[in-house]
Amino acid sequence: MTTRVSSNNLLIANELYDFINQQVLPCTKLSSQQFWLAMSSIIEEFSAENQQLLETRSKLQKQINQWHKTNQYNSEDLTSYKNFLQQIGYIETPVEDFSITTSNVDEELATMAGPQLVVPITNARFALNAVNARWGSLYDALYGTDAISESNGAEKSGSYNPVRGQQVINYGRDFLDQVIPLKQGSHHQVIDYQVNDQQLQITLADKTTTQLLNPEQWLGYQGAASNPSAILFEHNNLKFELKFDSGNEISSRDLAGISDIIMESALTTIMDCEDSVATVDAQDKVVAYSNWLGLIKGELSTQVTKEHQTFMRKMAKDKQYLAADNTAFTISGRSVMFVRNVGHLMQNDAILTSDNQPVYEGLLDAMVTSLIGSIDVNSNNEFKNSKFGSIYIVKPKMHGSAEVAFTDKVFTRVEQLLGLNKNTIKLGIMDEERRTSLNLKNCINAAKDRVVFINTGFLDRTGDEIHTSMLAGVVERKNDIKKTRWISAYEHHNVLTGLSCGMSGKGQIGKGMWAIPDNMADMLEQKIAHVNAGANTAWVPSPTAATLHALHYHQENVFTIQQNIADLNTQALLDEMLQIPLATSTNWSEATITQELENNVQGILGYVVRWINQGIGCSKVPDINNVGLMEDRATLRISSQHIANWLHHGICQPEQVEQVIEKMAKIVDSQNTGDATYVPMVSNWQTSMAVKAARALIFEAQHQPNGYTEPLLHHFRYQLKHGKS
Ligand SMILES: CC(=O)SCCNC(=O)CCNC(=O)[C@H](O)C(C)(C)COP(=O)(O)OP(=O)(O)OC[C@H]1O[C@@H](n2cnc3c(N)ncnc32)[C@H](O)[C@@H]1OP(=O)(O)O
Ligand SMILES: O=CC(=O)O
Ligand SMILES: [Mg+2]
């Protein structure tokens, strides 16, 4: 039973009330009385409109379903379909051309291009790693992943393998030749780097001395000039550091004594309160908010035990160097943080209204994450997040411009109530719902004074694509949907729209997640496409992936690419985006159908069982080919909607799906035997809340609002925790 405090017509769970009063408010200028009155005002002023927006979503979905029942969708002639979507307001009339006017944006978002890391905020160990992932070891990232092949004696053996090590060193030297070429010779031949007479002097094996071809790329050093412990360079506005740790096994084998190349990696990080976490009640919300508080104050720390060593992980300090003329300078040691709030859909009983209704969680997040963010705005501590006094909030899962306008209004009011200047809160818009993609220009316009990124969340977007057009016909197999026409049009349209709204140099045009966390070789090969497409950031699942993806921003200069994208005409892409990913042939063999179901069900069970039983919101789950995939609520949305589509159109039958669930539950249980806290499904079949949740997520998927997974996930996890929903 949650105990509650009554304040300003709200019933606030004690955990939340105490956390805000005792830990947050003392760091601000607000009193408890002021804050809870403000919270009450936000809930009072915006709940009805929030509700109304959700009703519009479901009304539009009903109209679309009805249209598909009475009309044949024709991909060759979209006229009547498009007219219908315009008539019901699903496609909006585009606003006049405009440019965004967002100001006070940190350079990491506006004028720099590099990886964006996403991390579940509830996991302090990961969150600390993420904020510190501004800098990452290239050598570790290459040595420890499949970025370098294990063939020809280069295996990752237990101890250091010098054959593999040499390949890492060679890779590093190739990188140096590419980004900081020498006037003469190659970095492969260098035996010494040192500072001499205010210059970086580089000596080759034949004892000739040389310099960088572009000496201004050398920024500074640490240690003694004649024997630096680190040297700092810059290329494409990204920095990296050569490290010289003497006595280290790597440096002792290296011609120039280099022990590592430390790359500027995750320029920005999204601390995620949304799809990668399981926060169903006040207790969970307080974990999320207190980590955000710790990160904003620079005080978060956690004990980590790794390889038989225990240490405290803390936030990295800024990095100090000496410039050529021996003046000291400092550069940031940490990623600039966004916090991703939840969308408009969910309610949470961390606070109840006077008539016992759980409040909209998005309103709660807006107030609390901004309140905590305001500590950064008003402070000048060494861990300051935004040098420009901005609070960066990502708002996911908005449908169309009215919902963005609503967010903008809420943020404006939050600013007033917290005593912040207008537009202090910057908005990252996830372009991840079909109604937002089709009306992206209007969406950006609705927040043009505060928008700071548009990001293609292609995973949610795929789920929405399937759900919205559920009745149009049978969709392609899950992996084949990635090859269909709408998705490339959507990705391209996002970049062009962002550029045409003047986002270049003012904010981020972002691309989606690399969802195969262990496949770094593939990522290195494929994710350059994001840079080539004109996106100045793209999501990565881990710090290691951030370091490797940073290489792409050295390979190409995104801002030059953006300038060279001349044709900003988005009109033709709108029709392409309306190409529903329907299967061209449904003549699949039984084996193919079974394989598709097994793959989807394995992903669903592998993710849901940890979510429901252990409260883990993001997991690496093997697919049926044993490739570990990042699963979160968005990937779950795709898998569940996909099965729902095939069930609805009779490609598979409920009994068949039930059999697949039983079969895959055994496999998922066996995959988790190494986890002592894992609760198996098969041996608890009748009672397992995870099994109930997974079955509901499949068989009730078609009727979930916009195909979202969080209502059912929350329902079953809450039941498990509290014995009721
Ligand atoms: C559609 C969307 O919304 S995408 C956005 C949501 N997705 C995310 O946020 C992805 C976050 N990523 C993760 O949670 C994890 O990387 C997973 C679950 C995908 C894979 O995890 P695993 O490979 O099993 O990681 P594992 O537990 O082995 O951890 C490996 C190390 O990497 C670190 N790490 C992994 N992911 C992250 C991350 N996102 N941020 C910071 N550190 C991370 C861990 O801290 C750990 O290092 P440590 O031992 O020094 O603490
Ligand atoms: O939030 C990201 C997505 O792909 O969905
Ligand atoms: Mg998403």
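Using N, Cα and C of the backbone, Cβ positions are placed for all residues, glycine too.
Remember, TrEMBL labels are computer predictions, not curated facts.
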Record-annotated acetyl-CoA site (TrEMBL): member among S151, S157, S159, S276 besides V118, R125, F126, R313, P541: S276
Range annotated as coiled coil in TrEMBL, from 43-70, 407-434: 43-70
Three-class DSSP secondary structure - R340 (active site, proton acceptor): strand
Residues among the binding-site residues R125, E432, G457, F458 that border ligand 2 - Cβ under 6 angstroms, in sequence order: E432, G457, F458
Site diameter for acetyl-CoA, Å, by largest Cα distance between V118, R125, F126, S276, R313, P541: 22
Residues in the domain 'Malate synthase N-terminal' (16-70) grouped by DSSP into helix, strand and remaining coil: 51 helix, 0 strand, 4 coil
Entries of F126, R313, E432, F458, C618 (recorded positions) sitting next to ligand 1, with Cβ under 6 Å as the cut-off: F126, C618
Where the C-beta lies under 6 angstroms from ligand 3, the matching binding-site residues among V118, S276, G457, D460: G457, D460
Cα-Cα distance linking E432 (glyoxylate binding site) and R313 (acetyl-CoA binding site), given in Å to the nearest integer: 34
Fewest other C-beta atoms within 10 angstroms, as judged across R313, R340, which are the recorded positions: R313
Nearest of the recorded positions (E432, G457, D632) to R125 (acetyl-CoA binding site), judged by Cα-Cα distance: D632
